Amino acid sequence: MELIINGESIQLPDSVKTVSDLLSHFRLNHKIAIVEVNLNIIQKQEYETTTLCNGDKVEIVHFVGGG
Amino acid sequence: MMLQIGPYQFQSRLLLGTGKYPSFDVQKEAVEVSGAEILTFAVRRMNIFEPNQPNFLEKLEITKYKLLPNTAGAKTAEEAVRIARLAKASGLCDMIKVEVIGCDKTLLPDPVETLKATEMLLEEGFIVLPYTSDDVVLAKRLQQLGCHAIMPGASPIGSGQGIINPLNLSLIIEQATVPVIVDAGIGSPADAALAMELGADGVLLNTAVAGAADPVKMAKAMKLAIEAGRLGYEAGRIPKKRYATASSPMEGMSIV
């Protein structure tokens, strides 16, 4: 499956089916990260049940230093 | 007397930004020394290919602080709302600093979009602190919407020019029914003290500390300046007079 993650086209193995799988794939599951799929924010409790489809636009954001 | 923003109370009147420190260790020490209880930060895309990249939040005991994410990067109310929702979805915060920039060169806020974003976010139940220009009427309009604090800039972000319009700032403070936090443009402890002497309820700064030659020492200086300025405001300064008034008594001077 191909997803657009943070603006980049990225090819993912078939084992990645949900948001939870995606975070595990990139070893981000223990990070403070917020996920948006096609402009919808995915709450943490929905990570395992939210399935991803080819071409989905995913944003993975976090907190950085700022004023 | 405590600083009250929405349902939250704070001992410290210094709100500290977390950008541009020379290192995470210096930042951690500066934050601790400053006594700040509210920290600001931004929301950005993660580098998903570097999961081990350190993040400043992991360095701090974040439960000790109230987190105040900003909507920096937004140019419209809709973008600001999107960033605010993302920040809230972290489950770590419900306060938001509305920052909608209307000019890339001066980084001055867009008043119309700021007003719109504030209204939308208040409707969604956020604790909303809009960063605004020092416009007296705009401050009043934001207050009428029900925002939880007003954050007028002293001068452009990161400019270190200090308070360039003390008259407007004092008029905003005079009419305010919510806390006024002077945000942006503070350069030195004197600037921060002046803001507090004018009656501001707090000061938000970042570059003045992060960009100082010794950020940790400057964090301490800002803490003390804000405390001194607040005490001075509460104590009530003497009026300025054109001519001298002797401090020593005029009686019993015949011996000299």
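Heads up, the Cβ atoms here are built off N, Cα and C, so glycines get one too.
Feature annotations, courtesy of TrEMBL:
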| type | residues | note |
| --- | --- | --- |
| DOMAIN | B:5-249 | domain 'Thiazole synthase ThiG' |
| ACT_SITE | B:Lys97 | active site, schiff-base intermediate with DXP |
| BINDING | B:Gly158, B:Ala184, B:Gly185, B:Asn206, B:Thr207 | 1-deoxy-D-xylulose 5-phosphate binding site |
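Among the recorded positions B:Lys97, B:Asn206, B:Thr207, the ones whose Cβ sits under 8 Å from a Cβ of chain A are, in sequence order, B:Asn206, B:Thr207. Set side by side, the binding-site residues B:Asn206, B:Thr207 differ in how many other CB atoms lie within 10 angstroms of their CB, and the most is found at B:Asn206. Fewest other C-beta atoms within 10 Å: among the binding-site residues B:Ala184, B:Gly185, that description fits B:Gly185. The DSSP secondary structure for B:Thr207 (1-deoxy-D-xylulose 5-phosphate binding site) is helix.
In this record, 1-deoxy-D-xylulose 5-phosphate is bound by B:Gly158, B:Ala184, B:Gly185, B:Asn206, B:Thr207; the longest C-alpha to C-alpha distance in that set is 9 Å.
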